[in-house]
Amino acid sequence: FLRRCRVRLVSELQVAPLWDALLSRELFTPDMIEDIQLAGSGSRRDQARQLVIDLETRGRQALPLFISCLEDTGQDTLASLLRTSQQAVKRDPEAVRSLDLVPEELRLMMLDPVKPASGKLTPVVLGPRELPPAKLRPEVLRPVDVGSGEFRDAHAQQPSRGNADLAYVLRADPCGHCLIINNVSFSRASGLSTRLGSNVDCEKMQRRFRSLHFTVEVTCNLTAKKMVQALVELAQRDHRALDCCAVVILSHGCQASHLQFPGAVYGTDGCSVSVEKIVNIFNGTSCPSLGGKPKLFFIQACGGEQKDHGFMVAHASPGDRASGSNPEPDTVPFQEGPRTSDELDAVSSLPTPSDILVSYSTFPGFVSWRDTSSGSWYIETLDSVFECWAHSEDLLSLLLRVANAVSERGIYKQIPGCFNFLRKKLFFKTR
């Protein structure tokens, strides 16, 4: 319910007296408070807004402690408002659940198969190995630069100037930077387990993106602050001679309050960084040299703590029921406050995403499974699908294949999804 009170908190909250109280109650670390103080333009209003957003990621005990901080600093009116709202939620939780809305345009949905017009044809979603790649063609033909400003289809070799308006053209070699953040070992104080199998994922992604003509950099076991520093350093480079940028994050994760992109990933110190913050590091203001170019984010981390048991269908894939399989989730429990419709005050400060795709290993709110010996289901499948189909299909088609293949695995279920703000189709550079 903090979101229900956000407008008033942002308008009235006096942040300057709060820092010492927040530190003394260990609600935030000094590094986290420094990040809050630097939010936006650094004004009181921007600091207050960021404080409220970050507070919602600090767990169920954060609110009572925050109320105490308000009382200690003489902000009794706001403390009373939050305490009254908290008591109202306890008395009538259903009233809050009814406000738990997600913008329709961002909602991930499962679509029923389209019924064929005649009984002779049945639509089939092809898995990575069901047909040789050479038999398929992308729906929109890949534009190839042939000099003098002309573009031709890679297969038909016919002039196709208009196709450049439908697909990004990756001409540079290397086509862009790829940063992989691989968090395996976490501090004892964080309470987070070692992510066995993550190094297997890291090696697969390193090889795969090199084969796709990216310059790959790998960083391991970063705290939340160092994760942000590595991402900012990447965003501040000169990308003018490049055509794309990719970020792969392998870590524990949790739910987090958000306006555009759900979820958060953990640094090795147990502090989280929201996916929304990660993406916005690469927006047009912070990273102008990537303006108009695709920026890709692949997140292998839990989206929450729910375990999906799935539902009965006519057939199941037996391949993932081997006794040697040892999956574990990348989850950390988190209780998110209820959502209401987004206030203008909160929305207006965020840049409109453009040329961005965020691929999640799992549906928001659910765990993401990782085998301790062979790596995560998502990364293993992503690597396999890219190997078989990246030369002929665009990125969204590849991710559909990944979602279909992962959804058929295991006893507990998992389905990847993505938030897509790309303006064109993206075909990777494969030769």
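For all residues, glycine too, the Cβ spot is worked out from N, Cα and C.
Note that TrEMBL annotation is computational and uncurated.
Residues or ranges marked as domain 'CARD' in TrEMBL: 1-85. Across all of the domain 'CARD' (1-85), the predicted model scores a mean pLDDT of 83.
As annotated by TrEMBL, domain 'Caspase family p20' applies to 174-306. DSSP labels the residues of the domain 'Caspase family p20' (174-306) in these numbers: 38 helix, 36 strand, 59 coil.
Annotation comment: TrEMBL describes H252 (among others) as active site. The local packing around H252 (active site), expressed as other Cβ atoms within 10 Å of its Cβ over all shown chains, amounts to 25.
The feature active site is assigned by TrEMBL to C302 (among others).
Among the features that TrEMBL reports, region 'Disordered' is placed at 316-345.
Taken from TrEMBL, the feature domain 'Caspase family p10' covers 346-430.
Per DSSP, the domain 'CARD' (1-85) is made up of 58 helix, 0 strand, 27 coil.
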